[in-house]
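K.L.:
Got a structure for you, questions after.
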């Protein structure tokens with residue numbers, strides 16, 4: 001996913017754009033199926049479902065496994081996914097076509113820049129799973145969850161809407177808690193302002209199951225938008 005985090009001097013990206021290997025099937029899927037399912041990040045916002053559905057957003061959907069599953073579980077919702085890496089977009093499209101799922105739209109562009117252009121309080125749920133942890137100390141300014149970005153996420157949520165996050169890096173989880181607990185308008189779903197159990201709607205992906213086999217702990221966070 002492509003994020004630009006502003007500092008006082010210049011924009012700092014929270015990603016490195018590595019396209020990686022893309023299969024022939026993914027390439028065809030992007031060419032054939034993306035145009036009908038794409039949201040133009042450079043155009044004025046228009047709700048793809050004409051304000052008739054609650055909207056869920058997943059930022060950085062990776063290979064699309066989680067987004068495809070949750071969209072199938074919530075057929076009456078409008079599900080939007082943001083991902084900068086083309087192989088992941090192709091992978092998601094293949095899953096959607098195979099399942100016949102038609103309630104997903106895709107932003108294949110810079111997430112932070114696009115989110116800043118959206119009107120207030122349009123989203124019922126925002127999901128961010130396993131963002132790049134940037135583990136080295138000199139890299140941590142690239143982490144996605146920073147105060148300015150947290151304020152944007154809060155602004156986009158409807159009152160009562162949820163922000164759900166997960167990471168398997170303890171240090172990053174602690175930073176998320178610090179930043180989000182201090183964000184006006186967000187209330188931690190945990191009474192002690194700590195971590196929560198995995199939400200029922202969060203599907204275990206192959207990535208997470210592999211981490212569990214390796215003994216990686218996963219930290220879940222959940223926040224609600226308050227007036």
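From the backbone N, Cα and C atoms, a Cβ is placed for every residue, glycine too.
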K.L.:
Name the one residue among 32, 44, 83 that Swiss-Prot lists for the same S-adenosyl-L-methionine site as 58, 110, 132.
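P.N.:
According to Swiss-Prot, the candidate sharing the S-adenosyl-L-methionine site with 58, 110, 132 is 83.
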K.L.:
For the substrate site that Swiss-Prot assigns to 136, 205, 206, 207, 208, which of the candidates 102, 109, 120, 168 is also assigned?
P.N.:
168
K.L.:
Just to be sure I understand the packing, how many Cβ atoms besides its own are within 10 Å of the Cβ of residue 206 (substrate binding site)?
P.N.:
9
K.L.:
Give me the Cα-Cα distance between residue 168 (substrate binding site) and residue 132 (S-adenosyl-L-methionine binding site), rounded to a whole Å.
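P.N.:
Rounded to the nearest whole number, the Cα-Cα distance is 10 Å.
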K.L.:
Please list residues from the chain of residue 205 (substrate binding site) whose Cβ is under 8 angstroms from its Cβ, counting only those at least six apart in sequence.
P.N.:
62, 65, 66, 129
K.L.:
Do you know offhand how many angstrom separate residue 206 (substrate binding site) and residue 132 (S-adenosyl-L-methionine binding site) by C-alpha?
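P.N.:
Here the two Cα atoms are 17 Å apart.
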K.L.:
Taking Cα atoms as reference points, which of the binding-site residues 58, 83, 110, 132 is nearest to residue 208 (substrate binding site)?
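P.N.:
Looking at Cα distances from residue 208 (substrate binding site), the smallest one goes to 132.
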